[in-house]
Amino acid sequence: MGGLRLLAVALTCSCWWPQGGQGKTLRGSFSSAAARDAQGQSIGHFEFHGDHALLCVRINNVAVAVGKEAKLYLFQAQEWLKLLESSPGYSCSERLARAQLTVTVTQTEHNLTVSQLPAPQTWRVFYADKFTCRDDSESPQGEEIPFEMVLLNPDAEGNPLDHFSARESGLHEFFFLLVLVYFVTACIYAQSLWQAMKKGGPMHTILKVLTTALLLQAASALANYIHLSRYSRDGLGVPLIGSLAEVFDIASQIQMLYLLLSLCMGWTIVRMKKSQSRPLQWDSTPASTGIAVFIVITQSILLLWEQFEDTSHHSAHSHRSLAGLLLIVLRICLALSLGCGLYQVITVERSALKREFYITFAKGCILWFLCQPALACIAVAFNDYQRDKLITVGVILCQAVAMVILYRLFLSHSLYWEVSSLSSVTLPLTISSAHRGRPHF
């Protein structure tokens with residue numbers, strides 16, 4: 001399956017190119033033409049919280065700003081939506097006049113303290129000047145005004161030094177703890193796992209694929225931590241490393257998807273075609289391989305489509321676009337189909353050992369596929385700024401638990417078969433000789 005691996009890497013790299021404009025230190029230019037075309041140039045948005053949040057804007061060309069009567073307008077996101085949806089609509093000047101906060105840009109640096117309600121709220125920042133609401137057709141003249149804008153929330157001591165918005169707060173600490181857990185776990189179990197893999201046996205290939213997926217998830221957590229550590233200092237982070245974190249995560253998802261599908265499809269198809277006395281194998285049959293490859297390619301295409309459709313670049317796990325909804329539907333369908341297939345295998349299986357094996361495997365599969373749809377439904381009951389964090393943290397933890405379940409399952413059975421010196425023909429899972437010699441995704 002080397003070609004499948006190359007396809008996965010190509011798709012994930014193409015859809016997760018470094019994203020710009022995601023930091024809370026914003027750099028750009030105030031443009032009279034852009035402000036006039038849109039009746040207010042959108043600069044950015046931020047989830048402020050606390051009583052001492054700060055907006056700091058710096059410019060160099062003060063004379064041009066004064067000549068243009070440059071101003072910044074801050075709207076609460078909900079109020080801004082009401083203005084856009086109001087009927088009859090407000091004129092340009094009436095809309096700007098309803099801004100909750102206004103800053104007249106007349107100095108090199110302006111600091112605006114945002115007094116906030118107890119609950120965090122999203123604020124949108126717009127630029128406008130004397131040319132923005134004019135009715136004449138003459139194009140606005142004059143230079144653009146380069147700016148740097150820093151958006152800060154209060155830290156634990158109440159000082160406006162936190163670059164993280166309410167939507168992102170706590171993720172830095174979460175990824176630090178996650179990386180720490182991965183490191184400690186590796187120190188404890190890496191040697192024994194390596195020895196188990198060196199011994200070979202019927203679980204060898206599965207453990208290799210599962211370990212690769214786990215290493216990709218650990219690399220994603222480390223890249224996220226590095227990006228957020230830099231982000232906490234300058235509000236920009238390292239977009240390339242942040243994008244690599246998503247690449248690693250998606251590659252891990254595809255790796256696990258192919259593993260789970262290959263195992264389950266192989267078992268169910270072989271069960272239908274062979275007598276029940278024959279062992280269930282991870283056979284490289286055209287049917288099982290074709291189904292797995294088709295679903296993996298489908299998920300990869302949906303992930304690529306989602307990145308082009310979701311311009312707001314939310315968390316990779318919080319699917320908000322049409323493609324994201326299709327991904328959720330795909331996961332639900334996979335969980336149901338694999339669950340039904342395994343249920344059929346379990347009901348006709350006479351061996352208690354095999355039944356226990358399949359039941360535990362089914363639990364890991366269902367948890368892996370259904371955690372994201374379930375958390376997405378639960379997140380509806382929470383505030384908007386809490387949803388991305390809930391889904392991101394919940395999916396990572398649930399999938400980690402699913403991988404632990406699968407690791408315990410395969411390692412325990414590998415040890416049992418080794419100690420018992422059972423023939424591979426009697427095992428509930430073997431790998432055919434033709435399949436063993438092939439590289440697996």
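The backbone N, Cα and C atoms fix where each Cβ goes, glycine too.
Quick caveat, the model's predicted, so the values are computed rather than measured.
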Tell me which range among 54-74, 285-305 Swiss-Prot lists as transmembrane segment.
285-305
Which residues, sitting 6 or more apart from ASN111 (N-linked glycosylation site) on the same chain, put a CB under 8 Å from its CB?
LEU54, LEU55, CYS56
With an 8 Å cut-off on Cβ pairs and a sequence gap of 6 or more, do the transmembrane segment (206-226) and the transmembrane segment (390-410) reach 3 or more such pairs?
yes
Mind checking which residues of the chain, 6+ beyond the ends of the transmembrane segment (361-381), have their Cβ under 8 Å from one of its Cβ atoms?
256, 260, 263-264, 317-319, 328, 331-332, 334-335, 338-339, 342-343, 346, 387, 390-391, 394-395, 398-399, 401-403, 405-406, 409
